[in-house]
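Taken from TrEMBL, the feature transmembrane segment covers B:20-40, B:60-85, B:97-114, B:148-169, B:190-212, B:249-267, B:288-318, B:338-356, B:377-397, B:417-440, B:523-542. Here TrEMBL flags B:59-262, B:335-541 as domain 'ABC transmembrane type-1'.
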Amino acid sequence: MFTKRSPLTLVVSLMTAATLLAGCGAGNAGQNNTGAATPAPSTAPSTAPSTSPEPAKSGGEVNIYTARHYDVDKELHAAFTEQTGIKVNVVEGKAPELIERMKREGASTPADLFITVDGGILNSAKTEQLLQPIASEVIDKQVPADLRDKDNNWIGLSSRARVIIYAKDRVKPEQLSTYEDLATDKWKGKIAVRSSENLYNQSMLASFIDVMGEKEAEAWAKGFAANLARKPEGGDRDQAKAVVAGVADVAIMNTYYVGQLAASEDAEEKKVAEQIGVFFPNQQTTGTHLNLSGAGLLKTSKNKENAIKLLEFLTAAEAQTKISAANFEFPVNSEAKLPELLTSWGTFKHQNIDFAKYGELNPKAVEIANKVGWE
Amino acid sequence: MKKSLLPRSARRQINGWTMASVIGAAVVLLPILYVLTGLFRPANENWDKVKQFLLTDYILGSAKLVIFTGFFATFIGVVLAWLVVGYSFPLRRFYKWALVLPLAMPPYIAAYTYSSMTGYTGVIQATLRNRFDLVLPPGTIDVMSDRGAIFVLTLCLFPYIFMLTRVFLERQSASFIENARLLGHKPLSVFFRVVLPLARPAIMAGVMLVLFEVLSDFGVANYFGVQTVSTAIFQTWFGMYDVQSAMKLAAWLMVAVLGLFMLERLLRRSRRYASPTSRSNPLKPQPLKGIAAWGATLFCTLVFLLAFFFPIAQLVVWAIETGGTVWRSDFLDLTVNTLKGAGLGTAIVLLIAILSSRAARMFDSPFMQALTRLLSAGYAVPGAIVAIGVLAVFIALDEWLAPFYGMLGKEEGALVLSLSLAMLITGYVIRFMATGYGALEAGYEKMPKAYSEASRTLGRSSLATFFRVELPLLRGSLLSGFVLTFVEVVKELPLTMLLRPFNYDTLSTRAYQYATDERVFDAALPSLFLVLIGLISVLFILKAERS
């Protein structure tokens, strides 16, 4: 971590010279800086009181770096503030970029919680030694152990299954069985999937490396890539549209996009959702691939109690029900109510896997995808 | 002789201007230099894999995109500019400004809009299917491809070339073109032998902007599945979790772009473009008749519809459908944030652009040339990479200033600068220095040096010379520099994502929030707001230009 500083020394020394010049020259640049700094939200000074050992019931704040960008999250944060008086400050960004920012900020980082949508990335925050254990009996009760880090460095907030969807008019669910089956000649030219540059696919391939072993996973990826009906393009929703349009017969996609399609404001998208079926593969064998959205507690958190309070709030049945209803994600708290669409799919068995593997094996997955030509 | 002259001339020139230029340059250069240090980082095994599996394809992908987009955008931009300046035809007055409007459209929004419009559930196929029972075979309209990316990027970027070329031709070309016409040159010959060579600096300035936009584009390429160096950078970073190799790749991209810069400069070197008559009479357009007139109108209309009207109309329809659920009371804040960031960023860009283009004019040396190129290099690499450079410098600055913060009573290790808006604004300045600098440089290039020298000889101070002589002549360049930069910052996304302070959302981040979740319809309302701000600023400038 600290080796990164070495090229910086050059830059810093250059900067010293520049700032010295700035000091004696016109205060132009400096003024611009301070002028711009004033409207920034309250930072260090106002956090100071909240770090005192007395956890004031009202007031204080909690700082989140999050890669989740859903309206429902904003609503829940507002509800939390109303309930507790704790202000929630948010920086939204892409997960790897936020990790980079936290790493560079080091011990000074203002972030208390890091929230993202992939178990692998949560784990890479852990291996970068950014996180600390979350100690809360409430959370232990609300989040099952298999949806948490084994050292409690992060917890799941919601999950999504990566399933096979099929054209109801051309494919019978009995024809479908496993992910492995999709790599056989039976499906030649009949599969749609998005690019392997997408994290969902990388995590899925990483999970296969763990479940099947590297060699088998590579063979699978090769067969699978050869069966694609078209060059990967677009997002998950576009794969469903490709199936309905007749480009492909089956596609791999995330359950929560199926929900979004069904709830779309656009009549044509709704029709697409009606014409596809959802199939949970590998029920007799290794289970369907599941991904987690979750939160990690920063090692350097200055508002630790507030952060844990927020996590307790977000994993309580009430908030979980809201997340699931708005986003069609599966709740981690079993007491939460599912929206009708999700209950209609019934229960399913998911891969029994340590989510940390997604992170560890991600580079390998990318390498395999590149090697077998899954664009 | 020369040796004894240098110190004195240097002493004369070392004043507030040079000091300010040095500071401005330092602010911009440090993060760029930080990115360039990537060249010297040790290569790891990921770097080898990148080289082995990705690099050739991705360089070819980038080259293809750059060449085709560059060609089409130049063709459309220059032809349209010449049409509206050199000829009169129906609707000419309207298209003179309307064809600049696509600038307000962020390419990635256009990409999402076009792919949804032409896709299976989009308005075209859905109408054919539901009204006429006509099902297009899959792949009939395939926007999500290399060709689609070239199409979208061309339509979003040609206005750079159109705008710069048009302004140039309007102001500078009248006497040459009228003479050529008098001497009996045919229209095509006027275009190829007079217009093109004459407008070359303006065209090249526009082409450079387009090329950099294409090279640094991640949004369109990523969504359409086109493999480019930019997407390779992010695949290395996000996929292999290897920031070091990603930075190394970005550094090489930057070097390649600097090389391109130098090459263009070298090719232009031997020619002079300064025009002794800075206030020449405007060119009188020749009236077109019959088929030619309607042909010109048709071409303008086609480009306008495709680049602006259709996507905007689609966004309006979506915004009406989804407005109720997407509208939130914080839209005003988003708008204010967007304007604040763009306003501050643009002002500083122009300030530094004036300082540095002036400095480059005074001390015209290869070193100075290289330095000013380096100043603009932020435009050619993806925003997120620039952001890392800025982050590194600001955090180092905070560490360095820690004792000072302590005296002010902040807690130990507090981050002040890097949690302030100043960091984001600095990011904007570095990323978009090129648009401001390019405009100012072109402005100075048209202005004979003798003007400033005469003013100085007559005893005016450097400052007075600037305000009394140069500024009035630079007005047009400043205006186009302002609008180009302002609209860029309004559209900016990746820097904002990575460098923003807490609770700071802009229209662009709000649009992204929905678009990244494949909720294109919901992204329409913030996108429209964003386009509207861009439009207002473009119209404002056009009005100012006319008066």
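In case you wondered, yes, glycine gets a Cβ from its N, Cα and C as well.
If one looks beyond the transmembrane segment (B:20-40) by at least 6 residues along the same chain, the residues whose Cβ comes under 8 Å of a Cβ in the stretch are 244, 247-252, 254-255, 351-352, 355-356, 358-359, 371, 374-375, 377-378, 381, 385-386, 388-390, 392-393, 426-427, 429-430, 433. The stretch with the most CB contacts under 8 Å to the transmembrane segment (B:148-169), chosen from B:60-85, B:97-114, B:249-267, is B:60-85. The stretch in B:60-85, B:97-114, B:190-212 that contributes the largest number of Cβ pairs under 8 Å to the transmembrane segment (B:288-318) is B:97-114. The largest share of C-beta pairs under 8 angstroms with the transmembrane segment (B:190-212) comes from B:60-85, of the ranges B:60-85, B:97-114, B:249-267.
Remote same-chain residues near the transmembrane segment (B:249-267) are listed as 32, 35-39, 50, 204, 208, 211-212, 215, 229-230, 232-233, 236, 369-370, 373-374, 376-377, 380-382, 385 (criterion: CB distance under 8 Å, separation of at least six residues from the stretch ends). Here the transmembrane segment (B:97-114) has Cβ contacts under 8 Å with residues 80, 84, 143, 148-149, 151-153, 155-160, 162-163, 213, 217, 219-220, 223-224, 300, 303-304, 307-308, 311-312, 314-315, 483-484, 487, 490-491, 493, 508, 511, 515, 520, 523, 527, 530-535, 537-539, 542 of the same chain, all six or more residues outside its ends.
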